[in-house]
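Working notes for the structure below.
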Ligand code: ADE
């Protein structure tokens, strides 16, 4: 190993000797990874980038690399809390030896699945396992070596953001709502910095914990949107949640962090309207046509002008005219530090 590199790492050669077994093992897995045909993410640039599990010849290797295997005897399933495309979603506890038990959500893969279904199911774990951010749902690990196959994630007491807001209409201050939006912007800034495009950012895919912290979830479906009841087939055969999706992504599949910003603007509107359905009962086709004609969602009742302006900015037709997630985040931070920018509500201006 190169001396300068060792010096840069700030470790003495004795440590290197001790660590060599580990480093060799690590290099071996790194080499194995690079011999696969994914798009060469630079491990020494200092910026961690997302690795698409689909670029692994064998997707089970991606799961092994990014998700910890959990001994099923550590998991105690308590109740069913929902149904996913692949099977039930349960709540329960994870008790690792020597650690405090924690509340978890457990996604299970129902029996009788095909190999491809197992791969699609575990794809979410190999994506989530690459992320480490307070506003991204945390993967605890997977159970793959026994049945049922499971994905274990942190439990979020208040469930999905859309239904949470619908049951608490009008109960939060504007500053609390902006705090939720800030959390989502932190998570999305992290994802876009990692080079990950979500494609299905919507309030239904944000989870809320007991302290109102919002975390981005639902990663498995970023390519195949089978599990989202909002996703509709387009003329070109893609399945897309039309009301949340930027026009260039609907028209010619150009998904990017800029199209995620468009979706973020829709999430802002959902939050400020306490879970109202974007474009109400309009049909998907009418939504597409109206957007094309320049129509945009009006400000929800009681929404500060500044926030509606940010929404309109994120719904610019030209994707390069939209703010980036870090711009959104610093804008919200400024509003939180100096909330006088939240005092003028749209209704006041209209009056
Ligand atoms: N529903 C789906 N995932 C969940 C989670 N992590 N916590 C609570 N409810 C959920």
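A Cβ is built for glycine as well, from the same backbone N, Cα and C atoms used for every other residue.
Feature annotations, reproduced from TrEMBL:
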type	residues	note
ACT_SITE	200	active site, proton acceptor
BINDING	107, 204	ATP binding site
BINDING	205, 218	Mg(2+) binding site
DOMAIN	75-336	domain 'Protein kinase'
SIGNAL	1-21	signal peptide
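Annotated features, which come from TrEMBL, shown on the structure.
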| residue | record | contacts (Cβ under 8 Å, 6+ apart) |
| --- | --- | --- |
| 107 | ATP binding site | 84, 86, 87, 88, 89, 121, 124, 150, 151, 152, 153 |
| 204 | ATP binding site | 160, 161, 162, 163, 228, 230 |
| 205 | Mg(2+) binding site | 160, 216, 217, 218, 228 |
For residue 205 (Mg(2+) binding site), which DSSP three-state class applies? helix
Mean per-residue pLDDT computed across the domain 'Protein kinase' (75-336): 95
Count of other CB atoms lying within 10 Å of the CB belonging to the residue listed as 'active site, proton acceptor': 24
